[in-house]
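Student: Sharing a structure below in structure tokens format, with a few things to ask.
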Amino acid sequence: MDTKIGALDVCKPASNEVGSLPNGTAMAIQNSVPSTVINSSEATLGRHLARRLVQIGVTDVFTVPGDFNLTLLDHLIAEPGLTNIGCCNELNAGYAADGYARSRGVGACVVTFTVGGLSVLNAIAGAYSENLPLICIVGGPNSNDYGTSRILHHTIGLPDFSQELRCFQTVTCYQAVVNNLEDAHESIDTAISTALKESKPVYISISCNLAGIPHPTFSREPVPFSLSPRLSNQWGLEAAVEAAAEFLNKAVKPVMVGGPKLRVAHAGDAFVELADASGYALAVMPSAKGLVPEHHPHFIGTYWGAVSTAFCAEIVESADAYLFAGPIFNDYSSVGYSLLLKKEKAIIVQPDRVTIANGPSFGCVLMKDFLRALAKKLNHNNTAHENYRRIFVPDGHPLKCAPREPLRVNVLFQHVQKMLSSETAVIAETGDSWFNCQKLRLPAGCGYEFQMQYGSIGWSVGATLGYAQAVPEKRVLAFIGDGSFQVTAQDVSTMIRNGQRTIIFLINNGGYTIEVEIHDGPYNVIKNWNYTGLVDAIHNGEGKCWTTKVRYEEELIEAIETATGDKKDSLCFIEVIVHKDDTSKELLEWGSRVSAANSRPPNPQ
């Protein structure tokens, strides 16, 4: 085999497909009817942008008003297919667009210049790290102010308007500053197309005086908005499949592990096809939970090194060959760089590249094409799965709490497991919820999201808002620590305002428990709040909301019955009060290893 084929990186575009949602679902970018004439009063920059958002599947946009974006917001909400979701702050608006994109395939937020843009920046960085297409729109200065020496409000007091743009350049894949109408159509379309093609956020700044002005380029849309699909290099694909099949068919007990980039590669279905055909034991990395069906007959759990689900790490790390599809190996996913994996045993499949052990690397080979082609070349081998079944011992059930005994977290999640169905989705906040939710067994169709790569504390409040808005037919179950909730609590208000039916489990253990297990100090202790009292105040008698505190198992059972029964159409906020040291065993192990990685002494120079 000529390994030079692995250096071929030129992908051939075609021109007749549109973008797609996670796992290959076709995304309806609704092509405009050729030569559609738009009423001149609607042929404005703002309405054009609104139509483009609707065409790519965005029906809700998360906003915070400011004087530079007010006219733009007028024109966005004038679009019948677009709903404005006003948020309490820019950070949560960005988190909401992140959560929305995880379900819809793309999300959008609108903020004002610099003071809003720099506030939303952290959420955009998180979306970039998680490969989410997100359209971040900023209302910018009046076009007449560019190129002058004027100092504007909402800036740092210098006659330079580029600070916000320069900040966004590092966390977006494309930036468009629209301060004239002549090329606005092209700039906006290029930005949106790039977000979908690259599966990353983009930045669009719209001068505040341009949004409502008609222009001939917005009055007619003769060219349908579509994306050319990327195609594998056929020679490279065939060579990669041949090399991988030869490698895996020689193995005695091969396994396969799904990673988080299955989403951006739209390869979830192809990954399952390979599992079906090969008979291999099937695991997921923690950040890929929810991307692979856990009811698959060969599913063995989460591979997370020393904190894997029971018996999973033993099977993966003892395999003589492992195929990782879309992995990210960072210090968190590797438990402080402690995974017992060997490069010479691994096939690493990234969205457009395949690397075989210590051998060749094949470029411009799309993951979904590779997995589907490989499925036709592998010998059936279920040895690893049989070994798993041989050593597997079912989980022992936590002891039932005695009457009026303080509630334990493991008992909480025993009851949560019974709540899951195809009509639910789980959002897990950074913290011990990562580890407890990893152990939930997801039924077919149950959604699951968390932010592992960026790990921004407080992400889940906004993300829950966005995810629930995107899929109103699902009941979202959010698991949020008290420390995280204090960062972003305000937008529970927006959930109530929009009639969402989420069940929030606020786990009150008095501090930043995940930080405690890495390195403890007085800074990890927070001021306790009356969390149900806070949410009651936010509710203020407007909309449907129900709150309760639980300290004992019998109270938890009653709360769940109410939330899923009489209050099934309300936002339900259940504050679960537990001991400050009640953590999962996985967090204790993980925290120790991450602490060891963080505290390595400097290498001698």
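Positions of Cβ are set from backbone N, Cα and C atoms, glycine also.
Sharing the record's features from TrEMBL:
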type    : residues               : note
DOMAIN  : 44-153                 : domain 'Thiamine pyrophosphate enzyme N-terminal TPP-binding'
DOMAIN  : 241-358                : domain 'Thiamine pyrophosphate enzyme central'
DOMAIN  : 452-576                : domain 'Thiamine pyrophosphate enzyme TPP-binding'
BINDING : Asp482, Asn509, Gly511 : Mg(2+) binding site
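Can you tell me where each of these features sits in this structure?
Tutor: Mean pLDDT of the predicted structure over the domain 'Thiamine pyrophosphate enzyme N-terminal TPP-binding' (44-153): 95.
All protein chains considered, the CB of Asn509 (Mg(2+) binding site) has 21 other CB atoms within 10 Å.
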Student: Using DSSP, tally how many residues of the domain 'Thiamine pyrophosphate enzyme TPP-binding' (452-576) sit in helix, strand and coil.
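Tutor: Counting residues by DSSP class gives 58 helix, 28 strand, 39 coil.
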Student: In the domain 'Thiamine pyrophosphate enzyme N-terminal TPP-binding' (44-153), how many residues does DSSP assign to helix, to strand and to coil?
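Tutor: Taking the domain 'Thiamine pyrophosphate enzyme N-terminal TPP-binding' (44-153) as a whole: 50 helix, 22 strand, 38 coil.
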Student: Let me check the 10 A CB neighbour count of Asp482 (Mg(2+) binding site). How many other CB atoms are there?
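Tutor: Looking across every protein chain shown, the total is 24.
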